[in-house]
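What follows is a short report on a single structure.
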Amino acid sequence: MFIILAAGHGKRMNSGLPKVLHKIGNFSMLQHIIYNARQLNPENISVVANLPLIERLKCLEDIQLITQESTLGTGDAVKTAVRNMKELSDSNIIVVQYGDTPLIKNSTITQMVSCLEGKALVCLGFKTSNKEYGRLIIENGSLREIVETQDDENSDEEFLANAGIMVAYAKNLRELVEKIECNGSTYEYYLTDIVSIAVKSNLNVGYVTTDEEEATGINSRNDLAKAEFYFQENRRKFFTDSGVTLVAPETVFFSLDTQIGMDSIIYPYVFFGPGVRIGPGAKIGPFTKCEDTTIGDGAIVGNFVEAKASDIGTNTKIKHLSYIGNTEVGRESNIGAGTVVCNYDGKKKHRTNIGSNCFVGANSSLIAPLNVHDESVIAAGSIIVKDVPKKRLVITRRKQMVKKIK
């Protein structure tokens, strides 16, 4: 089970948008955590948030939304969650994660769960010199306390910091959060206090370590930019390790859900928005942007092509300076340079269907809604406003005139 803490205001972001809704890889921080959590098939994913954010999250499917009525700190948020989570039993393992730590990997969470045996809870730490993070106090191989850095007079240049994620059995978590006392200076309840509470109750507390990049907590726009950089670097490595060629990896940008098949080649300066799936052996040329689009095996898209809300068939070529929107293109078709699908009439968008083995000549405009059937040919420079029957040639440009210059 997951408890995601998302009630913080994020004042340092200087934004009207709640902090956890700021995006990395075209998905919000909260979406990253939920996306990863779902890969682990938990019985319950609960998000604790304030009322205004709850209203914005009601579109989320299969997520339990829990309102923290007053912003009384992370300890109060978890206490509210365990009191309200559905079908919670003592033996359930609960992962508590802050909503501003979107880069935590499932392999790390799995390692923490494995470390939980014989312990009340397990925390995650990382080495850093950044004094904004709380510090893990380790004695004889066990975690004894988490302290805020400003309260720690003996802090070293580099220390083991708190990454803001805990794993515990529901029974232990429920009992420990009930013992958290209100901080006298801030009037908040700190979740980190449960470590010292557990130790005083003669319970073992474990810890696992990771690197600072994975544990990045996002509190400012600068942190957001760093997290975007780390995310993109990780995705580039993932795809190259998966058999995808990135000609200039640092110039290619991915979304959280981008899928690319083996032996595809991605050329420089390509941007993948949400919802892109690319089959094996495809080629995506320079300066191409794709969003909500499926590209078939062996297809070639770009350079300077934008494809949006479209399905592009196997071995189809859309090679130069084209816009393909709300369009389905069949197999082995060729879309010539400068082709534009005119899908928006000023009020709503319309679909275009281009069949298999079609040829669309350069500088053509296709006015949706439109159907171009299999094996049709559209002559260069045509403006197509009516459906094209199967195996037909269509020419709409005027006859060329040649006149003598006086």
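From the backbone N, Cα and C atoms, a Cβ is placed for every residue, glycine too.
Swiss-Prot names Ala337, Asn343, Tyr344, Ala380 as acetyl-CoA ligands; from the candidate set Arg392, Arg397, Arg398, the record adds Arg397 to that same site.
When the neighbouring Cβ atoms lying within 10 Å are counted for each of the binding-site residues (Asn219, Asn343), the highest count belongs to Asn343. When the neighbouring Cβ atoms lying within 10 Å are counted for each of the binding-site residues (Leu5, Ala337, Ala380), the highest count belongs to Leu5. Taking every pair among Ala337, Asn343, Tyr344, Ala380, Arg397, the residues listed as contacting acetyl-CoA, the largest Cα to Cα separation comes to 22 Å. If you measure from the Cα atom of Glu148 (UDP-N-acetyl-alpha-D-glucosamine binding site) to that of Asn219 (Mg(2+) binding site), you get 16 Å.
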